[in-house]
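This report refers to the structure that appears directly beneath it.
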Amino acid sequence: MADESGIKDLTDPALAEFLTDSDALKGIRDLFHYPKAGTLPDVDPTLVDPNADSIYLCGNSLGLMPKVTEEVMKEHLDKWAKMGVFGHMTGEVPWAHSDEHCLEGVGRLVGAKKEEVSVANSLTVNIHVLLTAFYKPTETRHKILLESKAFPSDHYAIESQIRLKGRTVEESMVCMEPREGEETLRTEDIIDYIENNGDEIAIVFFSGIQYYTGQLFDIKAITEAGHRKGCLVGWDLAHAFANVPLHLHWWDVDFAAWCSYKYGCTGAGSIAGLFVHERFLHDKRDRMLGWWSHKMSSRFTMDNVLDLDEGAAGYRISNPPIHCVAAMLGSLKIFDQVSLENLRSRSCYLTGYLEYLVKTLFGENSEQRTTKLSISIITPENFHQRGCQLSLKFSSPIDVIYPELVKRGVAVDKRYPNVIRVAPVHLYNNYVDVRRFISVLQEVAHIVEDHA
């Protein structure tokens, strides 16, 4: 029976409309280009209105484009057209200094001081840059501890760094597995392993948020555990940057790296970032070098005598690509208008709503499930252990389900054989997007059953 608002129950699409209309941050969506269903590839116009908004829940792979980014990008394209080489040192944002214009905003997003962050390179390159400097294996302390199913690029980078330092992967790479029958790692198991084996571990290197399961690790607790045993602790924050509030300086993290094109919304393959704690501000350890590692004050003397920059700036290698930096500057203008803390609160409500709908309408033991297909959520239930993403595990392979979702204007991320990662992003998604996704999923589930 419906209440005075006309809402029958918590699964009623009318509730999604009400929550979206009542959302204090609903206007943020208008700051982005939100794709229409008809502009996505492989959409069937007989199944969906091409002029309707798509159901874009894939910002964990690629964030949407801020409208202001077009303006910032055009400014620098015009500058290039009109000034040529003089753009390097001229204008409000001289290209040679453009990365430095991002540091304050990026520092706020990761909880760091300006001198602790650098905007440079790509994520995997920065992982190599940092491990080259910080991984110094000895006969007694040479292992790198990471989670199993780490993102392949991280895995390969760590393998190669171990080999480059004269060790073998078999003896020096430790990949922690969840307990039997569980999908995610328990914090207490990670800490126990470090406390029992830390004397052999040179570096603990986990993901802030695990890309496959969506698990948000306890960065503070794991960092403290590593330090108690004399380990250096680094983090891959690809899925945490601009997703959840971070406090890298206060958590005493040694180093970290991230990409910016997921929740940072800077465009595919755009410029990445790195963090080096201020404890290493004057540290001169050997590292990969380039002319952007050299202090700007004497960089153009060109005498080939390195005057190493301090802090994270000394881990840069090349001059910043202005069109990538322009995208970062555009993104930061969005975060100037809304705090990550407020976005985080919104994110918890969005994922909570998605979780409720999945459990109620697709839960294995739910009385309201109307399909043979059931879905479990492998992402932790605790809001403190997840960000924008929920990873859905299907009771049957998704090789038929996923293409049918795409035909209906749904953008989500598939992980065969049976996982779909769904990310209602706090910046531009809303409750209607989530409810529409569930409706399409119900439709597809019935179609798959009818053709089974």
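Keep in mind that glycine also has a Cβ here, set from the backbone N, Cα and C atoms.
Note that the structure is a prediction, hence the values are computed from the model and not measured.
According to TrEMBL, the pyridoxal 5'-phosphate binding site annotation covers LEU123, THR124, PHE151, PRO152, SER153, ASP154, SER207, ASP236, HIS239, TYR261, TRP291, ASN319. Cβ environment of SER153 (pyridoxal 5'-phosphate binding site): LEU123, THR124, ILE127 lie under 8 Å away, each six or more residues apart in the same chain.
Here the Cβ of LYS262 (N6-(pyridoxal phosphate)lysine) has 26 other Cβ atoms within 10 Å, regardless of which shown protein chain they belong to. Look at TrEMBL and you will find LYS262 tagged as N6-(pyridoxal phosphate)lysine.
Taking the Cβ of PHE151 (pyridoxal 5'-phosphate binding site) as centre and 10 Å as the limit, one finds 19 other Cβ atoms among all the protein chains shown. Neighbour count (other Cβ atoms within 10 Å of the Cβ, all protein chains): 14 for TRP291 (pyridoxal 5'-phosphate binding site). Cα proximity to LYS262 (N6-(pyridoxal phosphate)lysine) (within 10 Å) is found for none of the binding-site residues PHE151, SER207, TRP291. Put plainly, the binding-site residues LEU123, SER207, HIS239 were compared by Cβ crowding within 10 Å, and the winner is HIS239.
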